[in-house]
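Per TrEMBL, active site, proton donor is recorded for Asp82. Annotation comment: TrEMBL describes His83, His180, His208 as Zn(2+) 1 binding site. The Zn(2+) 2 binding site feature in TrEMBL is assigned to Asp104, Glu134. Residues annotated as dihydroxyacetone phosphate binding site in TrEMBL: Gly181, Gly209, Ser210, Ser211, Asn230, Ile231, Asp232, Thr233.
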Amino acid sequence: MSLVSMAQLLLDAQQGQYAVGAFNCNNMEIVQAIVSAAEAEKSPVIVQASQGAIKYAGIEYIAAMTRLAAEQASVPVALHLDHGTSFAQVMSCVRNSFTSVMIDGSKLPLEENIALTNKVIEAVRPLGISVEAELGKIGGTEDDITVSEKEALFTDPAEAERFVSETKVDALAIAIGTAHGQYKGVPELDFQRLTEIRKRVNVPIVLHGSSGVPNEAIQEAISLGVCKVNIDTNIREAFVAAARKVMVDHPQEIDPRKMLGPAREATVAIIREKIRLFGSSGKA
Ligand code: G3H
Ligand code: 13P
Ligand code: ZN
């Protein structure tokens, strides 16, 4: 199948009360693992690349690998820019056959976030490319801030309503207590805030920083309107643990395929687990 736009995948998920997994890729093995896992689960899937992934692998490689994986698959695959921060980056993805972009203006004042998001929407929507934006600040687990400082960065429901009505964005990433990376403790999600946002906003909601969030909390978030769940850290953990095990068990091994093969298999396994958790198995 050719790459598809993300918007319809998320609208179907919203209708069916499940979420589509958005999995970060950095190399060929991870792209293959994401699409194989989706194929095995008969699930739609979003392959996403951060600016760091694009810098590491090259945008042409990320796009070509994902396009090929999608063409060989029978399930719908979208290719999405994760946390794009500039118009130029978005356009570079557009030129390289991405079917969806995130424009993350969450560090900007509200008016500027709205203006940047609208500039992107105007440019890419006529091309059938979907747009995710972020409101509120989803930090990293390393951020050394107190609970009240963290809550001050959460998405304000009234602002979310204004943001969506003034941008008509396809999906909105919100801050309700998750963070990127490995958590030190167990994250607590602000479900009341999510409920309030859902009441005021009708577009699909995106949960970032979802690795390490307890399964029950992920399911609760999906039942309250989350339609896209982003996973990166759990992939890194599975991939590296499997490769490391080969290096430790067989220190003389010099064939990279003997390390990256098991790493790819471990990645398929964790992604299949997530797809089942998100309820998108069999929805392709
Ligand atoms: O949102 C953050 C993702 O985990 C991407 O991380 O910028 O290190 O590729 P990265
Ligand atoms: P995690 O690395 O915490 O899973 O977050 C992924 C993410 O939100 C990518 O945008
Ligand atoms: Zn993120």
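Cβ coordinates come from backbone N, Cα and C, glycine included.
For ligand 2, the binding-site residues lying close by, meaning a CB under 6 A from one of its atoms, are Ser210, Thr233; the full candidate list was Asp104, Glu134, Ser210, Thr233. Around the Cβ of Asp82 (active site, proton donor), the same chain contributes Ala22, Asn24, Gln48, Ala49, Ser50, Ala53, Met102, Asn230, each under 8 angstroms and 6 or more positions distant in sequence. Ranking the binding-site residues His83, His180, His208 by other CB atoms within 10 A of the CB puts His180 at the bottom. Checked against ligand 3, the binding-site residues Asp104, Gly181, His208, Ser210, Ser211, Asn230 give His208, Asn230 as the ones with a Cβ under 6 Å from it, listed in sequence order.
In this structure the C-alpha atoms belonging to Ser211 (dihydroxyacetone phosphate binding site) and His180 (Zn(2+) 1 binding site) are separated by 8 Å. Of the candidate binding-site residues, His83, Gly181, Ser210, Ile231, Asp232, the one lying closest to Glu134 (Zn(2+) 2 binding site) when CA atoms are compared is His83. Taking a C-beta cut-off of under 8 Å and a sequence gap of six or more, Asp232 (dihydroxyacetone phosphate binding site) has these contacts in its own chain: Phe23, Asn24, Ser50, His180, Ser211.
Same-chain residues with CB within 8 A of the center of the His83, His180, His208 CB atoms, the Zn(2+) 1 site residues themselves not counted, are Ser50, Asp82, Asp104, Ile138, Ala173, Gly209, Asn230, Asp232.
Cα-Cα distances to His83 (Zn(2+) 1 binding site) place none of the binding-site residues Gly209, Ser210, Thr233 within 10 Å. Taking the mean position of the Cβ atoms of Gly181, Gly209, Ser210, Ser211, Asn230, Ile231, Asp232, Thr233 as the dihydroxyacetone phosphate site, the remaining residues of that chain whose Cβ falls within 8 Å of it are Asn24, Thr178, His180, His208, Gly212, Asn234. Around the Cβ of Ser210 (dihydroxyacetone phosphate binding site), 27 further Cβ atoms fall within 10 Å across all displayed protein chains.
In this structure, His83, His180, Asp232 are the binding-site residues from His83, His180, Gly181, Asp232 whose C-beta falls under 6 Å of some atom of ligand 1. Candidate binding-site residues: Gly181, Gly209. Fewest other C-beta atoms within 10 angstroms, Gly181.
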